[in-house]
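**Q** Just dropping this structure here.
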């Protein structure tokens, strides 16, 4: 006679074991109709699963985040159902959920085309609209293997052979004649899976290993209702317009090429943005009392073994050899900063020491994961490490948090998600060390009034971390800033200071990055601003143009005045109509266009227009120089006339 406790604290008693759906039906027909699955004692379960003992239960509907994920997972099975009908010889591999959707890896003897995707999507919709029930059956390991052997599914058999214990009872989900294997849960009926869209096909190696066969990965998105799907597709269209790769090419910011995968060739205008970001961060380093250092980009393997990187991070490290010694190109800056700290005796009176570097790092990311500036192999971190005592942890982490919010606000980011990532399975240090480190970060977050989400097992191998994720104008999340507490690395590298009692102590090390990878941050703000960089960041801040040749000397005079004032300015003296010039520089997202005609020369002024088409009227040269200097100095986000 299980007693079921509901989220509001009310209880329901049943004479016999009861399914999640039956509990929902006992509450009301409306809830039963909306039920996708349940959360039994915090664990997600199918609607058909039986509850035989006293339990807490929360019904999952399409309004819940879990409900939407289940819909997406079931759409992956629906994709399998449809593609099997259209291509009976296809072999199904894996079909998990991802952000905003799902994918399925399939093995087919020919490449899928857009026409194929359209046909698969059409068949999926036809099947879903029959509103068939999804039937879950638990079977023995052998029965599951026999099922997939009969159906000619080698990848499902491999999953059983390599990933599932022989004593397990795998769940098979029956979609009419199609059968898939999954942990679940899944929707009880396909009426929940009417709103989806197949998006693209890409290559993917089986199990992510390039030694294995290349499969075809079909991507899709799925939502709870028609409106959500339409809104998402609109956001995708806007994201495509804002794609930093497209804008980067149009604005001549950078390029990448096959001979240097994951490495950036910065062009003049892109490098201008890069240097402006460095300059801005340097002003903040001075404000928050950091010293700036520079470490070598490569160090001996022996050092990386002492830090634990060689054992825990080797797959992502580039290595080289010289004179019978093995070196690693640094994937991060922290070991080098400890070496700088170790030069000379340090006292507790010297702490905290805040050490910052624009460190050039390299990580051997899989080629399939590389994506423009967002995922690269060579990048520059606005990295810092703070050496302090345990008593200083909370105040130093608080200072880091303030610096994070200070810097992000300059770029207009105010919606910031905070996450606390705890100890991973593969780590250094004992549990007592991790307890202290996790507790230290949690206390600092609480003291600063920040709500946060805990990410179990997502910390670095050497310490837990706070992550700051930015929400952009398209409601996408970008993880940028991190604050990590490290009790292990300084001790491994023999860092110490003389304490107040004259004894030797190991300092605590706080790892801190705000922009994260500068390359990636440029990609993020390129998309956030759609290439319309605020004046202080714009590679060219103003263009001065003539109407006829007779104004050429005056244009040069205005250009020189702006350039002498530190404004990034160009002159355009081409023999083209002024409207043509304005359009061209508007497409280049230049903030201000200064037009010089005979009237402007006579008045000693310039006529000013913005890239958004606003006519600001006329200004004397000195007036406009002063206005622009002040705007750049303030690092404002808006142009004149946009206030």
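From the backbone N, Cα and C atoms, a Cβ is placed for every residue, glycine too.
What Swiss-Prot records for 334, 385, 511 is Zn(2+) binding site. Residues or ranges marked as domain 'TGS' in Swiss-Prot: 1-61. Under the heading region 'Catalytic', Swiss-Prot lists 243-534, citing sequence analysis as support.
Are these features on the surface or tucked inside, and what touches them?
**A** When secondary structure is read from DSSP and collapsed to three states, residue 334 (Zn(2+) binding site) falls in the helix class.
Over the domain 'TGS' (1-61), the average per-residue pLDDT in this prediction is 93.
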**Q** Can you give me the residues near the recorded Zn(2+) site, meaning same chain, not 334, 385, 511 themselves, Cβ no more than 8 Å from the center of the site's Cβ atoms?
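**A** Surrounding the site, in chain order, are 332, 333, 337, 383, 384, 484, 486, 489, 509, 510, 512.
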**Q** Could you check the binding-site residues 385, 511 and say which one's CB has the most other CB atoms within 10 Å?
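**A** Most Cβ neighbours within 10 Å: 385.
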**Q** What are the DSSP helix, strand and coil residue counts for the domain 'TGS' (1-61)?
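**A** Residue counts in helix, strand and coil order: 14 helix, 24 strand, 23 coil.
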